[in-house]
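Participant: First, the structure itself, so that you have it in front of you.
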Amino acid sequence: MKLLEQIEKWATETPDQTAFVWRDAKITYKQLKDDSDALAHWISSEYPDDSSPIMVYGHMQPDMIISFLGCVKAGHAYIPVDLSIPADRVLRIAESSGAKLLLSAAELTVTDLPVRTVSQNNLKDIFFTHKGKIPNPEHAVKDDENFYIIYTSGSTGNPKGVQITHNCLVSFTKWAIQDFNLQTGQVFLNQAPFSFDLSVMDIYPSLVTGGTLWAIDKDMIARPKDLFASLKQSNIQVWTSTPSFAEMCLMETSFSESMLPNMKTFLFCGEVLPNEVAKKLMERFPKATIMNTYGPTEATVAVTSIPVTQEVIDTYQSLPVGYCKSDCRLLIMKEDGTIASDGEKGEIVIVGPSVSVGYLGSPELTEKSFTMIDGERAYKTGDAGYMENGLLFYNGRLDFQIKLHGYRMELEEIEHHLRACSYVEGAVIVPIKKGEKYDYLLAVVVPGEHSFEKEFKLTSAIKKELNERLPNYMIPRKFMYQSSIPMTPNGKVDRKKLLSEVTA
């Protein structure tokens, strides 16, 4: 499969079919082709002998999708950067990626970036002035060339750029279309920001099958009235989100088959799917199939899936995350480096063509997490799990990396930035669970010198600093102040003791 060719055929076969909808803005497959062609032609003329990645900044604007395809047609991987990402983090991505160009689909609020920036208006001008120009198809990203690079949390305080090739994405997309029984021309929910790789689960299966992406932005999510008004008119048939987002929607009693009468498939990834959420969805949408999936960004979105039936719910207290896609395989590795038997816990290792080629510009980090097994790329996930007759069960993180509301983050990165704040002498992040999954982050802080009379004022000052360094979803919800942090005899932070103290 050549991904771009599959997407472009809809511009010929169904040119007026809507490819993407966001609020009052929409684009057809013909517009998507014409504008991405124009942009690719401009990029190739400006950067003729260059294949450095291109940053694409914005939120849910149609120009984001156009820019992604324009970059790839010109032979450049794209780096999606959501406008919610703090300026400091955007700067670090720009510096570490080697990008020379940033395309802005929204107003750019970050200044002093070491890259050339194309404003929202200038982007529109490029679409207009280069209209009708066809890029050289030989320039397009192909095979093992990078298609996109998504930055995830890094333990040193610096984000890591996960490189996903054309072949990685083709492997995922072909499997998703077949395994999830996706049909031509369906309407897909697009809820995850493009800088979160869950969005790939809807973008490319939709575009390859001539579907329509229906985007829900963060402002809608913050205003349930707007959210459900949009869902009502969407006619969504394929739902892609974290379980947390579906759980939030289930709090609205009208969120059911009556609101979305043609709902066919729920696709969940990014965090644990609780049994209760699956049960409620089955009650509200009796005709829909619920798919539970698993996979890290480093293995292209997801590599396992299972339909969650009543039998599965009745059989398992914690839902399994599924069977591996046919072109990949899973190994459960014990601490001694041997492969675990059925039912034995260990680290989940993913082997096959879905696996990333590594972290951009970080050979040491790549060597630590990626390897070759029997001539194929393999990724050591750091996730704990076990297999039973080919079925994978996920048991959380082996290290201090967690998933909170679908976002993966390393607690050490948050601690790194928290300790760098004024008024903070020492700090540890404690993730607090509610049932099976993480509910919020608690910051246990040893304060430095300060003149605040009340703890809440100190907390506000620390949060203000953190907001300049970290995305909102990585900011701890609660703060607790102590005179010291408990330590183990080895001189390490005693996290178990700390957790027992704060949850007692």
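Note: Cβ is positioned from N, Cα and C throughout, glycine not excepted.
Worth saying up front: this structure is predicted, and the values here are computed from it rather than measured.
Copied straight from Swiss-Prot:
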BINDING   Thr152, Ser153, Asn292, Thr293, Tyr294, Gly295, Pro296, Thr297, Asp383, Tyr394, Asn395, Gly396, Arg397, Lys492  ATP binding site
BINDING   Asp197, Val301, Lys492  D-alanine binding site
Participant: I'd like to know which of these binding-site residues, Thr152, Asn292, Asn395, is least surrounded, judged by other CB atoms within 10 A.
Facilitator: Asn395
Participant: Quick one: pull the CA-CA distance for Thr152 (ATP binding site) versus Asp197 (D-alanine binding site), whole Å only.
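Facilitator: Thr152 (ATP binding site) to Asp197 (D-alanine binding site), Cα-Cα distance: 9 Å.
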Participant: Relative to the Cβ position of Asp383 (ATP binding site), how many further Cβ atoms are located within 10 Å?
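Facilitator: Total other Cβ atoms inside 10 Å, all chains included: 23.
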Participant: Please report the Cα separation of Arg397 (ATP binding site) and Val301 (D-alanine binding site) in Å, rounded to an integer.
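Facilitator: Cα-Cα, rounded: 17 Å.
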Participant: Could you work out which of the binding-site residues (Tyr294, Pro296, Val301, Arg397) has its C-beta surrounded by the smallest number of other C-beta atoms within 10 A?
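Facilitator: Fewest other Cβ atoms within 10 Å, among the binding-site residues Tyr294, Pro296, Val301, Arg397, is found for Arg397.
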Participant: Whole-number Å only: compute the distance from the Cα of Asp197 (D-alanine binding site) to the Cα of Pro296 (ATP binding site).
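Facilitator: Roughly 9 Å, rounded to the nearest whole number.
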Participant: So, in DSSP terms, is Tyr294 (ATP binding site) helix, strand, or coil?
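Facilitator: Assignment for Tyr294 (ATP binding site) reads strand.
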Participant: How many whole Å apart are the CA atoms of Tyr294 (ATP binding site) and Val301 (D-alanine binding site)?
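Facilitator: Tyr294 (ATP binding site) and Val301 (D-alanine binding site) have their Cα atoms 8 Å apart.
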Participant: Could you tell me the C-alpha distance between Val301 (D-alanine binding site) and Asp383 (ATP binding site) in angstrom, no decimals?
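Facilitator: The separation of the Cα atoms works out to 15 Å.
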Participant: So for Asp197 (D-alanine binding site), how many other CB atoms are inside 10 Å of its CB?
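Facilitator: The answer is 26.
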